[in-house]
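These come from TrEMBL:
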- 7-430: domain 'THIF-type NAD/FAD binding fold' (DOMAIN)
- 19-24, Asp43, 51-54, Lys67, 112-117: ATP binding site (BINDING)
- Cys153, Cys156, Cys430, Cys433: Zn(2+) binding site (BINDING)
- Cys168: active site, glycyl thioester intermediate (ACT_SITE)
- 268-367: domain 'Ubiquitin-activating enzyme SCCH' (DOMAIN)
- 271-292: region 'Disordered' (REGION)
- 440-532: domain 'Ubiquitin/SUMO-activating enzyme ubiquitin-like' (DOMAIN)
- 533-640: region 'Disordered' (REGION)
- 588-599: compositional bias 'Basic and acidic residues' (COMPBIAS)
- 606-615: compositional bias 'Low complexity' (COMPBIAS)
- 616-628: compositional bias 'Acidic residues' (COMPBIAS)
Amino acid sequence: MAAASSEEAIKAAKVLMVGAGGIGCELLKTLALSGFSDIHIIDLDTIEVSNLNRQFLFRQSHVGQSKAKVARDAVLKFRPNISITPYHANVKDSQFNVDFFKQFNVVLNGLDNLDARRHVNRLCLAAEVPLVESGTTGFLGQVTVHVKGKTECYECQPKPVPKSYPVCTITSTPSKFVHCIVWAKDLLFAKLFGDKNQDNDLNVHSKDDSSSKTDVFERNLDEDLKKYAQRIYDHVFGYNIEAALGNEETWRNRRRPNPIYIRDALPEDAVQQNGCSQDHKNEEQEPSEPSAMVSLGLRNPQEIWSLADNSRVFLEALKLFFEKREKETGNLIFDKDDQLAVEFVTAAANIRASSFGIPLHSLFEAKGVAGNIVHAVATTNAIIAGLIVIEAIKVLKGDYQNYRMTYCLEHPSRKMLLMPVEPFEPNKSCYVCSETPLVLEVNTKTTKLREVVEKVIKSKLGMNLPLVMVGATLVFEDGDGLEPDEAANYALNLEKILAELPAPVLNGTKLTVEDFQQELKCSINIKHRDEFDTEKEPDGMVLAGWSGPVDKQVTSNGEKKPVPSASSTEDLDGTAEDTSAKPGMKRKLNEILESKENFDALQNPSDVVSSSAQVVDDDEDDDLVMFDEDPKQGKKKRSQ
C-alpha cells in the first residue's frame, strides 16, 4: 500500500475506533468528514449529563443511551452513505479477539484506563495491526503511533502509577491540601460510612479513656445524632491533634497544628442547631438527593468557605448521611459524583487544613483533588482527533518515514504548541513485544501461587485469563471453559506454597505465563530471596524487566483510591537543541521543551497531576492523567 494516494488509502480502509467519548466523538466526526467509509466503534459506556459539555454528538435526550450507538446515528445524519458499526461492549470481551482485530487496517484508541490500553496494544501486536494511541488532559494532549517491529509498542516504556502517601504523613504531619483530602476521604469517610471491618489508621480511643478498647466512632443506641456529630468533630479535629502535639520531637522542625473544637469553630446557638441556624435554612423545595449545601443555603461551589461554614457543612453532611442514607452506611465508598460525599470530604479536609495552617480550598477545587480531575477542554480533543487522522493516513499509505508522535502543549515552545517527535524503536527489553524473560525475586518457601498470580501476573503484567506452566506441568489456568475437576485442582494449587506445587517452584525455576486471549506469552525466571523490606517492597516480591512504575512506591493508599501527585520538576529546565539545522533528527520532547514553564504546564496546581507527557481522555465527568513516564527519567535515559 506504500504507493497508494491518501484518497485511495482512505477509501480502502477498514478502521476500528476504541472509545466514543471526548476524543472519540471528535474522531468519528473527523474520520467521516475525511472520507473514511468503513468504521467500527467499541465503547462500553452510556451517556451522562456531564459528557454533554464536550461530547458534541450527544444531546440531553441521549442520556442513559449507548455512546457508540448514539455517535453512529449522529454522524450518519450528515454522512448517510458510509458504514459505521457500533458495539456497546467492553473491548476486553472475548468476541474482540485477535481474529476480530485482524480485519482492520488500523486501530485508533481513545481509552480512559491503562488496563484496556495494554489489552488493545497486545491484540494489535498479535494481529499485526498498527495502533494509533491518543490522550488529552486539559490543554495537553498527545498522539503516538505503534507499529510492530518498527516503533516501540505502548508498553515499551514504564508507566508510572499514581503516587500514594505514607500513613504517618496523612495521619500526623500533613503539609499539603492533598494530604488532608486523602485523610478525609480514605480514613475519616471510610471509618464513618464504609466497611467497619477494614483496617483504619485513625485513633479510635477517646480522651476520657485512652486505654479502652471501645471505638469512639461507634454511635450509642440512645445517642442523639447531633451530640454524636459534635463528639466526632471534637475527637478528630480537637483531641487527636492534642494527642499528636504530645510528641515534641515530631514538631521540633515543623509548624505545630492548632486543635479545633466545635465550641471554637461555631457560636453556641449554631452548635445547638447542629450547624443549621435558621438564617441558613433553605426554604426551597427539598432536593431529590440530600445536600448539606442546600440545607445551609450555600450556593456557590467555587466559594472558599470559612472555618465556621466548613464546620456547619461537616455536621450537616454527617447528620444527613445517618438520617437520609442510613441503609447505605457501612458499605459506602467515596465517589466524586456523590454530592453529599464530596461536601463531607471538602469540609473535613478544610477543617484539618485550617488546623495545620494549610490554605483552604473550595468544593470545586476539593472535588478535583479528591477525584483526580483535570477538567476537559473540547478544543484539545478536536486537535488531537485531527492529529490521529493525519497519523492514520500515514499508516494506511505505509509512509513509515513520516510517522510522528505529536504532543500538544499548553504554552508555546519555540513558538509552537504542537511538538512532533520521531517514534522510538522497539525496546529490546520489553517483555510484551520483544519476549525478553522477566526475573521474579520471591521467597519460594513462604509465598503462595495465588500471590504471584494476583500481584504479578494479573496486576503487573495485565493478563486477564492467565495460564501458568512450570516446565511441562500446567499448575494454573483461568477461564470459563474449564471442567469442574480442573477448576477445583487449580483452585487448590493457588493456595499452595510455590515450593510445594506439583512441579515445585524453586530458585532457578522458569515459569511460562500465557494469555491466549491476548496471544501474549512470556517467561519468568525465579530467584529465591528470604527477606524483603516491607516498606519499600510491600508485595513481598520484586519483578525485574517489566515496564512498571517509575520511582513510585505504593505505601498506604493503593487502590483504595489512589491520589497522584506532581512529579518533581528539578533538573527539567534544560535547553532545547536547535533541530532546524539537523533535518531528520529525532526531536525528543524533553529536549525540545526549553524552560521549566513548559513542564509546569503539565502540572495541576492542586498537586494531583504528573508532569509526564502521557495523558488520557477520561470519558467520565472529567479528564484523568494516565502517566506515561517521568520526564526527568526519560531525559536521562534517552540522552545516554
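Placed from the backbone N, Cα and C atoms, the Cβ positions cover glycine too.
Here the features listed in TrEMBL are placed on the structure.
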residue: Gly19; record: ATP binding site; Cβ neighbours (10 Å): 29
residue: Gly22; record: ATP binding site; Cβ neighbours (10 Å): 32
residue: Asp43; record: ATP binding site; Cβ neighbours (10 Å): 26
residue: Asn53; record: ATP binding site; Cβ neighbours (10 Å): 13
residue: Asp112; record: ATP binding site; Cβ neighbours (10 Å): 20
residue: Asp115; record: ATP binding site; Cβ neighbours (10 Å): 12
residue: Cys153; record: Zn(2+) binding site; Cβ neighbours (10 Å): 24
residue: Cys156; record: Zn(2+) binding site; Cβ neighbours (10 Å): 21
residue: Cys168; record: active site, glycyl thioester intermediate; Cβ neighbours (10 Å): 12
residue: Cys430; record: Zn(2+) binding site; Cβ neighbours (10 Å): 19
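Considering only the recorded positions Cys153, Cys168, Cys433, the residue whose Cα is spatially closest to the Cα of Asp43 (ATP binding site) is Cys153. Cβ neighbours within 10 Å of Cys433 (Zn(2+) binding site), excluding its own Cβ and spanning all shown chains: 22. Of all the recorded positions in the list Cys153, Cys156, Cys168, Cys430, Cys433, the shortest Cα-Cα distance to Gly22 (ATP binding site) is found for Cys153. When the recorded positions Gly19, Asp112, Asp115, Cys168 are ranked by how far their Cα is from the Cα of Cys156 (Zn(2+) binding site), Asp115 comes first.
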